[in-house]
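**Q** Got a structure for you, questions after.
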Amino acid sequence: MTVEEVIAKKPNGLGIRHLQVIMMFLALLLAFSMRVNLSMGIVAMTDPDGENGDWQMVCACRVLQGLSQGFIYPSLHTLVAKWVPLEEKGRLGTVVYVGGQLGTAFQHIAAGFIADLWGWPAIFYVTGTIGAIWTIVYIIIGSSSPQESRFITSEERLYIQTSLGQIGGHKRYKTPWKAIFTSMPFISLIIAHCGQNWGHWTLITEIPSYMSKVLGVDIKHNGIISALPYLALFVLSIPNGFVADYILKKKWLSITASRKLFNSIGAYGPAIALICLSYTPADVVIATSLLVVVVGINAGHFAGYILVHIDMAPNFAGQMMGITNFFANIISLITPLAAGAILQDESDPSEWRKVFYVSAGVYILCNTIFVIFATSEKQPWNEVEENGNDPESKIKPEKAVSSE
């Protein structure tokens, strides 16, 4: 057995990289629980028979929360780029990012019961307390890279480094801002992220209201029914990641084609389902079933655009995610405002048809741009030297990956 074969050998069983992935998964689970708790809490907070909250303080707290959570996606993308071997990127990356959807589902289920038992403020106390506990645990066992981990074995560290081409340590490069912002594939990535957020956050912020105003579902059952689509998304995401890795292992598709395929499933599928939902009668079973389809099929994006940042430029995956997430979160702010402007009467199904049509159109347009312009080939500016020299002539585009 050669030295290279020893170094590249995959360790048996679970390792520290899996523990890091679980912690990242929990980070997103809690982050999204904190994000969407207001979507459920607002139903109880605005109950005319209950006590109203201090809306100015609520807004201030949400702004502070948003500013602090702005670090999450860029940080996680950087960690995934350093911790997840190339051969496991589809499935382990999906596990990390699906945490947000499970957090959404859990919050929808739990918030109604918590509010009913202890009042709506308890919704926020519970998630805040659990988040503090996670922080303490991560400070103890978390690490920014395999090289800096106190718990990883040398065998696992070498396996990860070999897979990612980081033998000898992870180099630091000057961020090529101009190259990033003038890259059409990266611009298409921004557009794909914005389209995803428009559709996703329309559903996250408006489903409880749709359930309550159109379908007449009370807050306890509202939470359970509103959670079903996100449970479906969680369930479908895991096999998606494994299938994506298997396709690349067998070399049936290039990395670029695979990412575009899964992203198209995750965008065009929900668009079609939303159009169908817009003509569905106000029936709880039918409407809920279509919402499950809309959100469940969206699982494709976890093996789509969300991994392209790391494919294109793993050295700058965090910065790139920070940029795309910045623009996408602006869309997240606009989305509920747009829905509110469209909805003149929240109890009128025909008004909701307009909201669903707009979301479907955004899904289709943004993904089409992504399919035309995006690429997963490693960009020449991924390894720009400190002196500014362009190493394009030294770097060959990445066509496919093998986990043999």
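Using N, Cα and C of the backbone, Cβ positions are placed for all residues, glycine too.
The shown structure was predicted, so the numbers you read here are calculated from the model rather than taken from an experiment.
Per TrEMBL, the features are:
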type: DOMAIN; residues: 1-378; note: domain 'Major facilitator superfamily (MFS) profile'
type: TRANSMEM; residues: 21-45; note: transmembrane segment
type: TRANSMEM; residues: 122-141; note: transmembrane segment
type: TRANSMEM; residues: 179-204; note: transmembrane segment
type: TRANSMEM; residues: 224-248; note: transmembrane segment
type: TRANSMEM; residues: 260-280; note: transmembrane segment
type: TRANSMEM; residues: 286-308; note: transmembrane segment
type: TRANSMEM; residues: 320-343; note: transmembrane segment
type: TRANSMEM; residues: 355-374; note: transmembrane segment
type: REGION; residues: 381-404; note: region 'Disordered'
type: COMPBIAS; residues: 391-404; note: compositional bias 'Basic and acidic residues'
**Q** Please indicate, using numbers and ranges, the residues of the same chain that are 6 or more beyond the transmembrane segment (179-204) and have a C-beta under 8 Å from a C-beta there.
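**A** Long-range Cβ neighbours of the transmembrane segment (179-204): 35-36, 39, 104, 229, 263, 266-267, 270-271, 274, 291, 294-295, 298, 301, 304-306, 308-309, 312-313, 316, 319-320, 323-325, 327-329, 331-332, 334-336, 339, 355, 359-360, 362-363, 365-367, 369-370, 372-375, 379, 381, 384.
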**Q** List, by number or range, the same-chain residues at least 6 past the transmembrane segment (286-308) whose CB is under 8 A from its CB atoms?
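**A** For the transmembrane segment (286-308), the nonlocal Cβ contacts are 89-90, 93-94, 97-98, 101, 189, 192-193, 196, 199-200, 203, 207, 210, 214-215, 225, 228-230, 232-233, 235-237, 240-241, 243-244, 258-267, 269-270, 273-274, 276-277, 280, 370, 374-376.
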**Q** Restricting to the domain 'Major facilitator superfamily (MFS) profile' (1-378), what is the model's mean pLDDT?
**A** 86
